[in-house]
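What TrEMBL says about this protein:
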| type | residues | note |
| --- | --- | --- |
| BINDING | 12, 70, 146, 147, 148, 149, 177, 178, 179, 199, 200 | substrate binding site |
| BINDING | 37, 39, 70, 177 | divalent metal cation binding site |
| ACT_SITE | 39 | active site, proton acceptor |
| ACT_SITE | 177 | active site, proton donor |
Ligand code: DX5
Ligand code: ZN
């Protein structure tokens, strides 16, 4: 993976057809997405349960772009190697998931993945300043993690603005996750974000047999975000 700050759209397969991940992934990539976002939930850190390492391993061959894995699990450390071996390019752990985020980020890079740090809407940036040399991405949650289709939390715009100035010239992506639409994405692009996760925003109205809709949704979010730069 090379680093740049171009606008990237990362559809979350949480909103895809769970019985047809292979074709869903091929469809969103053919329609122009940049990364594929995979939401891992444990029914403990968040009140929902999704994908284990064998599922990621099964879908990995279908992903030609970047497998962006968002771990909403606690504890994280015992599972890092399994998710890395399943083929994650980026492994993102939550700051709130345990007392030893520094160790977790070390372990993620040690397993050969890019390291992401996710922040819940109620979490501030204080800790990020001490972790800047260990992270490749900060994921700012603009919904409370656990479910797709929730409303964007506007108070996170100011957080992203502060995060962007904290990051400076460092090669660290700012990813926004939750409630992304052509209306909300430009607000975050203007504040300094470059990666836009969208579940319902990409998959709504389409299907593998009507994938042109995915393309329209991806282009609508991308062009709205680019227009704000
Ligand atoms: C929420 C997940 C998100 C979710 C986004 O816990 O981390 O990635 O799928 O879904 P939308 O875009 O529908 O808000
Ligand atoms: Zn996510």
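Each residue, glycine too, has its Cβ placed from N, Cα and C.
A map of TrEMBL features onto the structure.
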residue: 12; record: substrate binding site; DSSP class: strand
residue: 37; record: divalent metal cation binding site; DSSP class: strand
residue: 70; record: divalent metal cation binding site; DSSP class: strand
residue: 146; record: substrate binding site; DSSP class: coil
residue: 177; record: substrate binding site; DSSP class: strand
residue: 200; record: substrate binding site; DSSP class: helix
Pairwise Cα distance for residue 177 (substrate binding site)/residue 37 (divalent metal cation binding site) [Å, integer]: 10
Cβ-Cβ distance under 8 Å to residue 39 (divalent metal cation binding site), same chain, at least six residues away: 12, 13, 14, 50, 51, 70, 72, 199
Where the C-beta lies under 6 angstroms from ligand 2, the matching binding-site residues among 39, 70, 148, 177, 200: 39, 70, 177
Rounded distance in angstrom between the Cα atoms of residue 200 (substrate binding site) and residue 37 (divalent metal cation binding site): 12
C-beta crowding around residue 12 (substrate binding site), within 10 angstroms: 23
Binding-site residues listed as 37, 148, 177, 179, least Cβ neighbours within 10 Å: 148
Separation of alpha carbons, residue 179 (substrate binding site) and residue 37 (divalent metal cation binding site) (Å): 14
Cβ neighbours of residue 70 (divalent metal cation binding site) where a neighbour is any other Cβ within 10 Å: 28
For the substrate site built from 12, 70, 146, 147, 148, 149, 177, 178, 179, 199, 200, further residues of that chain with CB within 8 A of the site's CB center: 14, 15, 39, 143, 145, 150, 197
Residues that sit under 8 angstroms from residue 146 (substrate binding site) by C-beta distance, when 6+ apart in the chain: 41, 46, 47, 48, 72
